[in-house]
Amino acid sequence: MESVEKMDIELNEQGLDGSPVCVKKMHLFEHIGPLAASAQSYGPKRTHSRVLMSIYIVIFKARINVLVPFGPLAVVLHYLTGKHGWVFFFSLVGIVPLAERLGYATEQLAYYTGPTIGGLLNATFGNATEMIISIYALKNGMIRVVQQSLLGSILSNMLLVLGCAFLSGGIVHSNKDQVFNKAAAVVNSGLLLMAVMGLMFPAVLHFTHSEVQYGKSEVALSRFSSCVMLVAYASYLFFQLKGRHNLYSPIDEEENQNDDVDSDEEDAPEITLWESIAWLAVLTAWVSILSGYLVDAIEGASEAMSMPVAFISVILLPIVGNAAEHASAIMFAMKDKLDITLGVAIGSSTQISMFLIPFCVVIGWIMGKEMDLNFQLFETASLFITVLVVAFMLQEGTANYFKGMMLILCYLIVAASFFEHIDPTVNDN
Amino acid sequence: MENKGGRRLNVDTQPSYQLEMFENKGHISISHSHLEMGKLDGQFEHEFEDECCVGPSSLIRNNSSPEIENHNESFSNAGEKCSISYMKYRAFRSLNIILFSAKINLLMPCGPAAIVVKCLTGQHGWVFLLSLLGVVPLAERLGFVTEQLAFFTGPTVGGLLNATFGNATELIISIYALKKGMIRVVQQSLLGSILSNMLLVLGCAFFCGGIVYNKKDQVFNKAAVTVNSGLLLMAVMGLLFPAVLHFTHTEIHLGKSELALSRFSSCVMLVAYTSYIIFQLRGQNRSYDGDTEHGESQKDEDEEVQISKGEAIFWLAIVTIWISVLSEYLVDAIEGASKAWNMPIAFISVILLPIVGNAAEHASAIMFAMKDKLDISLGVAIGSSTQISMFGIPFCVVIGWIMERHMDLNFQLFETAALFITVLVVAFMLQDGTSNYFKGVMLILSYIIVAASFYVHVDPTSEENSHRN
């Protein structure tokens, strides 16, 4: 027990903000207590134990990390057999825990950097997984995959994540309607709607066959619009992070909520500044490697599993990229903190539409790929309809399990329509 | 001679007559030079001072005061009440107020310059630019004169006047374009006017207001805005159906049914507009009636009546005629300018023409936003859009019907989609009742994207026409 207490003190000395460590945590550290106790006395071994402990915290503590072995398995499978279906599936499953740990490391880092940079970090790394997957796909020239996966990410955030959150929250709190802050939801969804509108114009221009130079004007317009959208995103960040204490920024809200209310979970930073940076780098590298295999295996998997590439891009890929946000949204909904859930879901959609999609267009421009904002007619229509309907539905300010059910069923319909969807351009080629 | 706004400078030795003349109390601000005029008995002076009313500031702003003072003295020195010289004086004074008191009138010479350039050279680009710049101050003065006239006619007719003449510039330009058979220009300029009102004017107003008041969000009356944007959305829906019918290729007689439907819809829309006006004017005491700028602007600067009723009507006629003349040159030069500047006609019609037509409303909306009176800004912007969609466009269709032009409600697919999306999104965004500079930025950037898409937009019908020809 002595060693455990020493372990306790050591934890407190390691730059945590002094909040009492939960009994649960103490319990988990019991079995490495002796190791830590001995480490205390021996200097060089202290770093060794710190590394071990940080590995422990980052890798072994989260239950989702049972999925981690799937990653290396995917790489192994890629080289041993040529089975694209299995490689795809395994790398998909392998990325999920990495994405979650990436989010965790970002949060930890945010504790050290203060709210401003923390918000910026969250904003950038929040969708890091989708960004990495998209850049790999762009490099491979799979432009439709990029467009569809980003679009599917927005659809999945607005329908699936929200739906599951409302459903689980509604089931847990089934005796009343859950309430959320209407004003913030309306403002955020208005912003998302405007971003989607900005994204749609090139597609609408192309499909009304009214461009000056058929095909080329539309790419030029897409690039110009993307630059405009990036300027809009920069002003969005500037506006949010300027320390306005109002209901706009879900990021600040989340951190405030955590600091005030939660005393059981990531209340205190668990790893040091340098460790979080190191882990951030390691996880990002690992995600990149797996994404490479993932993207390479898409087409083969589509044939092997006999489903359209559209379905894989729009439905399967985003589920992976969003898995961590999905889980946290559900968790917060079950704790009756729907504002955070909405902030996560709508904020993520806004980030993708205002930052990620224009960013990919610009990256494609730099790479010389013809990535544009011309999502085909079906995708554009479904995006607009979805965002409009969900934005409208959020205006009421209440949630219950039935609404969640409706959202999930809508998502099933959208998924089914993508299952039957073939790209007209693919046919032309 | 009863004259509400008259200023009597002729110092007469018949005090009774003077008393009569000053029966009607105007709201004119009087310069101090008058008090120096001799031969006033105490009572007379007293009356002068009683009438000295609001806003000496307006006179300070009025840079014409030195000239008036000179003329005061010259007239008073003449010492006789001569109706002709009095008229001349009145004319000169009102000319001063109309022409010289607004700084925007620096652009006035562009109008005549445009005519000169047109006659001397054939440079369409320059003619277009100069007439564009020349219309701007005229539109502003038209608004001013309308407001002044509205003081005399009471709120009912005044509201009606504002409603009709508010978009007079766009209407005049559209009628000229119709006469010339440039149907697409008419459709696109009216549509561009709605887009510019909803995105650019609102965006600039929110942005400027947000920068001035950057500590907090500005608030506006949610209820009024919701009602108005709901109306606008319904008007846009009424406008869209002929286009949707045509583009789903489901007409009985391709092309003809759609024209007939457009004409019928326009009549229906005009009936709707009439009932809208009646509703507004009857229920002026409704709390959510935010877009009668009339009522609100009583507290503001140009609230005094500065010209008389007869003068107002006269100037209304003059300015309207002058706008018509310039519009003709403007419309004639559109195609040439499009070639000279190498930009699509669509861009000129949708983006450049409405900026001109809306310039005055634009400036006033920004000014009200910076004074934290967002309700008025919103009233101006959304009210103007509603007027165009419920009155301007159907009116042009009916005029085209009379002129036997093929003007219909079939805005091409891209314009229709753009209009619908924009109105929907902006109406949604206005629902929460707050504004800040970031929303203004988003609106302005959206307008930039829309403008950019029109820059690379070519009408499919014009291509077909050119192939046919």
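Cβ coordinates come from backbone N, Cα and C, glycine included.
Just so you know, TrEMBL annotations are computer predictions that nobody has curated.
Taken from TrEMBL, the feature domain 'Sodium/calcium exchanger membrane region' applies to A:86-241 (among others).
What TrEMBL lists as domain 'Sodium/calcium exchanger membrane region' is A:276-416 (among others).
Summarising the annotation, TrEMBL assigns transmembrane segment to A:55-80 (among others).
Sequence annotations record features per position, and here TrEMBL assigns transmembrane segment to A:86-104 (among others). Listed as Cβ neighbours of the transmembrane segment (A:86-104) (distance under 8 Å, sequence separation of 6 or more from its ends, same chain) are residues 58-59, 62, 64-75, 77-78, 125-126, 128-129, 266, 279-280, 283-284, 286-287, 290-291, 293-294, 296-298, 300-301, 312, 316-317, 320-321, 323-325, 327-328.
Long-range contacts of the transmembrane segment (A:116-138) within the same chain: residues 95, 98-99, 102-103, 106-107, 109-110, 145-146, 149-150, 153, 237, 240-241, 243, 249, 251-252, 255, 280, 284, 287-288, 291-292, 294-295, 298, 317-318, 320-321, 325, 347-348, 351-352, 355-356, 359-360, 363-364, 367, 369, 371, each at least 6 residues beyond the stretch ends and with a Cβ under 8 Å from a Cβ of the stretch. The feature transmembrane segment is assigned by TrEMBL to A:116-138 (among others).
Long-range contacts of the transmembrane segment (A:150-172) within the same chain: residues 127, 130, 134, 178, 196, 313-315, 317-319, 321-322, 325-326, 329-330, 332-334, 336, 338, 341-342, 344-346, 348-349, 352-353, 356-357, 360, 375, 379, 382-383, 386-387, 390, 399-411, 414, 418, each at least 6 residues beyond the stretch ends and with a Cβ under 8 Å from a Cβ of the stretch. Summarising the annotation, TrEMBL assigns transmembrane segment to A:150-172 (among others).
Annotation source TrEMBL lists transmembrane segment at A:184-208 (among others).
The transmembrane segment annotation in TrEMBL covers A:220-239 (among others).
Residues annotated as transmembrane segment in TrEMBL: A:277-295 (among others). With a cut-off of 8 Å between Cβ atoms, the residues of this chain six or more beyond the transmembrane segment (A:277-295) that come close are 54, 58, 71, 74-75, 78, 87-88, 91-92, 94-95, 98-99, 101-102, 105-106, 109, 125, 128-129, 132-133, 136-137, 140, 142, 145, 271.
What TrEMBL records for A:307-333 (among others) is transmembrane segment.
Marked as transmembrane segment by TrEMBL: A:340-367 (among others).
Among the features that TrEMBL reports, transmembrane segment is placed at A:373-394 (among others).
Under the heading transmembrane segment, TrEMBL lists A:401-419 (among others). Through the fold, the transmembrane segment (A:401-419) approaches residues 152, 155-156, 159-160, 162-171, 174, 307-308, 310-311, 314-315, 378, 382, 386, 389-390, 393 of its own chain, all at least 6 residues removed from its boundaries and within a Cβ separation under 8 Å.
In this chain, the transmembrane segment (A:307-333) lies apart from the transmembrane segment (A:220-239): fewer than three C-beta pairs between them fall below 8 angstroms, excluding pairs fewer than 6 positions apart. For the transmembrane segment (A:55-80), the list of distant contacts is 28, 32, 86-87, 90-91, 93-98, 100-101, 104-105, 270-271, 279, 286, 289-290, 293-294, 296-297, 327: same-chain residues at least six beyond its ends, Cβ to Cβ under 8 Å.
Below 8 angstroms of C-beta separation, residues 154, 215, 217-218, 221-222, 225, 228-229, 232, 236, 247-248, 250, 339, 342-343, 346-347, 349-350, 353-354, 357, 372-377, 380, 383-384, 387-388, 390-391, 394-395, 397 of the same chain, each at least six residues beyond the ends of the transmembrane segment (A:184-208), sit close to that stretch.
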